[in-house]
Amino acid sequence: MVRTQMDRRSPITRLITIEVIGYLLILMTIALPLSSAGFGFDSANSCSPNGKISRRGRAQILAAIPCDLGQQAFCHLPGSAYPWHAVRRFVHENQGLMKRMYGDVRHISILRDEIQNNEVDADDIEETAERYSKDGGRRSAKYLMNNRDRDREREDFGSFKSNDVLMEPHFRPVSTITTSTTKATTTTTTAPEIVSSTTERVPNEVTDTTPGNTNSTISTTKGTAPPLHEKPESETDIVEIQPSPESNSVYEVVSPSVLSTTSTAKPSSAAGENIQIIDSPQLGLRNLSAEASPSQEPPTATTGKPTSVPKSTTPLPIRKRKPAETTTSAASPKVSSTISTPTTTTATLLIRRNVTKYSPASVTTPVSFASLFSGTSSGLFSPERLRRPLTTTSSTSAPASSPPAGGTPASSSTGSASKSGLLREGQLFQDAMKQEPVAVASNLRGVNACPVKDEVVAPFWANNTRGEVLALLNLYPFEQYVHWEKCTHEFKQMFCRDGCRCEQQYRLHRLLAYDPHNECRGIFSDWFRFPSSCICKCYNIPMEFRATSRSPRSDSRFDAPKSDPIEAAEAEVQRAIYEHATEEWYRPRDEFDFLED
């Protein structure tokens, strides 16, 4: 009896056990994927590792790229290996992100559009597949938008999902804007000669070499200068040439044959001492026109007096000025010359630079900046052009004998000018420029010392900073543009100074990229190195000047010309009014009582 009951229960127990085990297996198969999904998103499930692109090797992809990325860091052509499918999928799945990154679209508008148009219709999928399956020759905006009019007739067109982001790839060629350098032309205009003996706005500096070394300045203006007291020492007329500040040239060059003055020689009772005139220290360079050569004889002092048309008898005031830096050698041999009759004398006139008054005898010569420091003698800074003496011949009633055959200041200046150049030994280029001021006009247009090629490029392929070849996201209208200036003549001197050359500079950019060897990585951002600008780099600067920490040179003479004084005063008044108004507006009143009822 008992055995029979056990025999009956055993099949039932076996069935229950089998069913329980089956249910446990079903629960395990359902619970394992859920538990794995709870740890995070598996990127391997979102890509197709067995796809066509993943099976292609690195060599095949590099061969499919139309540019040699081993020679250059980018390629602006897509080629057949560009992953259009991954780029389109990323743009389609991140419409809000792309619109916020590339346009002025509010985030709430993007969210509203995504919520309302979150429907995925089979028609959209078929239309998109048909659109991108057509050949490239039939792709056009007119062909792609031919069904839009039919869709507008639908009642639910307002909520109809339109994939405007999925547009055709829009290729834009690389800009070929080149910066060409033009040769500056030189135009010279000569002012008419001044014939009259009375000159306006041109002061005559009378250097009086008395034993006390004092100088007096006589300003000649339409009047008769009374005769000064006769002195045994010599006197020389020095005309100060003053260029025009209103001209548009970089430098003002005064022609040596446009200004003439008339002077009358006066007999000298005794021979004067030998005088060596040295220019003022503020001019920077040495006075090349008045230095006497050691191999030549000392110059002969001449005596001259300024004359003018007798129109009035009002005496002109004489003001004392700080004596110039002069040296007198007392031990030098004296020149015994007694002039009994009026003779024709020659006075050496020095060109004074860095003056701001107007002179009708100035000649405007616009030249290029590079030609100013050329080593040839034909340049503007050649010693012959800089310190060429202006000679003025005084005409008298009767000719007489010439001065002694000794060396003259003109001959000595020519010898010294031919031996010394613009830059002294051990002198920096910036120091010479600081001593020799350049009157830069505001309306001149400069050129780059290193010519560049300006480009705006949206590359498809590029090498990142680790040397990996990546595809950049470049789908219209979400291209990633890079603007750079490339040297047209790299490692060449061009317009740089000696010892310098043009070199390309680079800059890092962070761009969205795609790795064709790892589709599971998706779209990510990486660093890329692209050209930025072209600079002029010098290598012959001494180490002592490199090591010293100096503030940057800022000379106001190289800056833009200052504004008119009246305009500057008006601007100062406006600024004072504005400061006063803001101070009264923002500052609380002192008499305000916070405890007032």
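Every residue gets a Cβ built from N, Cα and C, even glycine.
Disulfide pairing as given by Swiss-Prot: among Cys75, Cys450, Cys520, Cys538, Cys502 connects to Cys450. Within the set Cys75, Cys534, Cys536, Cys538, Swiss-Prot assigns Cys536 as the partner of Cys496, by disulphide bond. With respect to Asn463 (N-linked glycosylation site), the closest of these disulfide-bonded residues in Cα terms is Cys487, chosen from Cys450, Cys487, Cys496, Cys502, Cys536. Sorting the domain 'Spaetzle' (448-538) by DSSP state (H, G, I as helix; E, B as strand; all else coil) yields 3 helix, 53 strand, 35 coil. Close to Cys534 (disulfide bond), meaning Cα to Cα within 10 A, are the following disulfide-bonded residues out of Cys450, Cys496, Cys502: Cys450, Cys502. Cys496 (disulfide bond) has a Cβ environment of 17 other Cβ atoms inside 10 Å. When the Cα atoms are compared, Cys450 (disulfide bond) and Cys487 (disulfide bond) turn out to be 7 Å apart.
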